[in-house]
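*Asks:* My structure is below; once you've seen it, I'll send some questions.
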Amino acid sequence: MYLPKEKEIIQIKSYKHNGKLHRTWKKTVVLKSTENIIIGGNDHTLVVEADGRKWVTREPSICYFHSDYWFNVISMIREDGIYHYCNLGTPFAVDEQALKYIDYDLDIKVFPDGRFHLLDEGEYEQHRRQMKYPDSIDRILRHNVDVLSHWILDKKGPFSPDYIDIWYEKYKEYR
């Protein structure tokens, strides 16, 4: 399996269950790269939507991807605190072109005070019917919502108090 090196610039591409490209983040700096975990950082990076619309992220963020879990976490560093946006999707795959995953619509937004909300359940149900997500995928995703909720409550992984300090410092050093 190809693994990007630390300091390497990669693209992140999300797809939908039907194989169509959903969104591309053009530049993310690799901060950590192992077979199980890739952590990246970006700031004001260009994002291209499947329909061609383009926008630029507003703040620095640290991105966490794991090969064993069906979610990834984007931690956005804002003036009023850290916001985490958690995408429910497949574990990552990576090649020379990009880090890739399938986005399954469900998201969890975590606020600086620790409150969190599950988002986009209607979109998930609509796409589940349209793209015929198998029941096995639904079970995996529901289980990973539970795992992710426990990580948030237990301040594990990207939700630990030191996570942002450590990885944002490394990002500032590498960029």
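Every residue, even glycine, has its Cβ placed from backbone N, Cα and C.
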*Asks:* Among N72, N87, which residue does Swiss-Prot annotate as binding Mg(2+) 1 together with D103, D107?
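*Replies:* Looking at N72, N87, the one Swiss-Prot places in the Mg(2+) 1 site next to D103, D107 is N87.
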*Asks:* Please report how many Å separate the Cα atom of D120 (Mg(2+) 2 binding site) from that of N87 (Mg(2+) 1 binding site), as a whole number.
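*Replies:* Cα to Cα, D120 (Mg(2+) 2 binding site) and N87 (Mg(2+) 1 binding site) are separated by 10 Å.
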*Asks:* What Cα-Cα separation, expressed in whole Å, is found between D105 (Mg(2+) 2 binding site) and R23 (active site, proton donor)?
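*Replies:* Computed Cα spacing between D105 (Mg(2+) 2 binding site) and R23 (active site, proton donor) is 12 Å.
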*Asks:* When the number of other CB atoms within 10 A of each residue's CB is tallied over all shown chains, which of the binding-site residues D103, D105, D107, D120 has the maximum?
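*Replies:* Result of the Cβ crowding comparison: D105.
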